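Asks: Grabbed the feature section from TrEMBL, which reads as follows:
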{"type": "DOMAIN", "residues": "4-63", "note": "domain 'SGTA homodimerisation'"}
{"type": "REGION", "residues": "69-124", "note": "region 'Disordered'"}
{"type": "COMPBIAS", "residues": "71-85", "note": "compositional bias 'Polar residues'"}
{"type": "COMPBIAS", "residues": "86-103", "note": "compositional bias 'Basic and acidic residues'"}
Amino acid sequence: MTDTKRLAFSIIQFLHDQLQSGYLSSDAQESLEVAVQCLETAFEVSTDDQSLAVPMTLPEIFASATAKFPAQSQANNNTAPSSPTEEQRAEAERLKTDGEFRDQNSLQLQVPVGSEPVGSTETV
């Protein structure tokens, strides 16, 4: 639980820093204040407990993590999904055909033996 409390403490510190930045509207500041109170209560953490502090701030940790994967994070955010390979297309077509074949056979097996086809009329 200590790591969880340390993470909650870091998040609360980040939110406090955002509150002090002066860039937020009064509504946003009020929302963050409520969020801080909720986190402190939920995780039983207080910003007075400096034993939970970590050597890096949350933005520093985040910057360090994203610096290791810049191309990947940009690719995930800015590009459309890649097109399927020929092998993937062939497999999809095979599965589609197999599914259609099974559906047709399933329908044929469900018709009761000796029943008349739909739409047939009997002459009297």
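Even glycines carry a Cβ here, placed using N, Cα and C.
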Asks: Just to confirm my parser: what is the rounded mean pLDDT across the domain 'SGTA homodimerisation' (4-63)?
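Replies: In the predicted model, the domain 'SGTA homodimerisation' (4-63) has a mean pLDDT of 92.
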Asks: Mind checking how the domain 'SGTA homodimerisation' (4-63) divides into helix, strand and coil residues in DSSP?
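Replies: Helix, strand, coil within the domain 'SGTA homodimerisation' (4-63): 45 helix, 0 strand, 15 coil.
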